[in-house]
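Record features, source Swiss-Prot:
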BINDING   Cys64, Cys67, Cys70, Cys114  [4Fe-4S] cluster 1 binding site
BINDING   Cys74, Cys104, Cys107, Cys110  [4Fe-4S] cluster 2 binding site
DOMAIN    55-84  domain '4Fe-4S ferredoxin-type 1'
DOMAIN    95-124  domain '4Fe-4S ferredoxin-type 2'
Amino acid sequence: MFPMVTGFMSYGQQTIRATRYIGQSFITTLSHTNRLPITIHYPYEKSITPERFRGRIHFEFDKCIACEVCVRVCPIDLPVVDWRFEKDIKRKQLLNYSIDFGVCIFCGNCVEYCPTSCLSMTEEYELSTYDRHELNYNQIALSRLPISIMGDYTIQTIRNSSESKINKEKSSNSRTITDY
């Protein structure tokens, strides 16, 4: 009869322990009810990209000297640089520059090693199309500046309203390179 009593006592202790664990999990769950949701509704809300985000590449035709360093440092030899040698000025003349973003891995080596800084990474990441051939950007498409997420009034950014009001007041007085 003694083992039966100890069995009931251990059963009671296990029940109390299980009740305590369930209570702790309920408290943890209820403590998260005041939090904002982490998931964003992508087409209508966009997260703000970090300062050094590696998005679409921006190209400045006038700065390029056709040295082809970007092609040499690219792991997949992606940029296509067409040039001709001008004998009268003894320099390369850039004719065409293109990048296929369907193949690009956005490593940023071309931007990092460009001696004239004619390449830069933008915050634009929406490059989806129905035809993969539309992702082959020439120098005209590459020189197009991206629409800033902060300036687009149709999109809500993921920030607290008081924080975004302070930032709007600061940004109305001065514009940075990322505010196009």
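Each residue, glycine too, has its Cβ placed from N, Cα and C.
A distance of 12 Å separates the Cα atom of Cys107 ([4Fe-4S] cluster 2 binding site) from that of Cys70 ([4Fe-4S] cluster 1 binding site).
Look at Cys104 ([4Fe-4S] cluster 2 binding site): DSSP puts it in coil. Across the residues of the domain '4Fe-4S ferredoxin-type 1' (55-84), the predicted structure has a mean pLDDT of 93. Around Cys114 ([4Fe-4S] cluster 1 binding site), the C-beta neighbours below 8 angstroms that are at least 6 residues distant in the chain are Val69, Cys70. Cys64 ([4Fe-4S] cluster 1 binding site) sits 12 Å from Cys110 ([4Fe-4S] cluster 2 binding site), taking the Cα positions as reference. Same-chain residues with CB within 8 A of the center of the Cys74, Cys104, Cys107, Cys110 CB atoms, the [4Fe-4S] cluster 2 site residues themselves not counted, are Ile57, Cys70, Val73, Pro75, Ile76, Leu78, Pro79, Ile99, Ile105, Phe106, Gly108, Asn109. Classification of Cys114 ([4Fe-4S] cluster 1 binding site) by DSSP places it in coil, neither helical nor stranded. Each residue contributes its Cα atom, and for Cys104 ([4Fe-4S] cluster 2 binding site) and Cys67 ([4Fe-4S] cluster 1 binding site) these two points are 20 Å apart.
Each of the binding-site residues Cys64, Cys70, Cys74, Cys110 was scored by how many other Cβ atoms lie within 10 Å of its Cβ, and the smallest score goes to Cys74. Between the CA atoms of Cys67 ([4Fe-4S] cluster 1 binding site) and Cys74 ([4Fe-4S] cluster 2 binding site) there is a gap of 13 Å. Within 8 Å of the centroid defined by the CB atoms of Cys64, Cys67, Cys70, Cys114, the record's [4Fe-4S] cluster 1 site, lie the Cβ atoms of Ile65, Ala66, Glu68, Val69, Val81, Cys110, Pro115, Thr116, Cys118, Leu119, excluding the listed residues themselves. Summary: among the binding-site residues (Cys67, Cys104, Cys107), the fewest other C-beta atoms within 10 A of the C-beta are counted at Cys107.
Cys70 ([4Fe-4S] cluster 1 binding site) carries a helical DSSP state (H, G or I).
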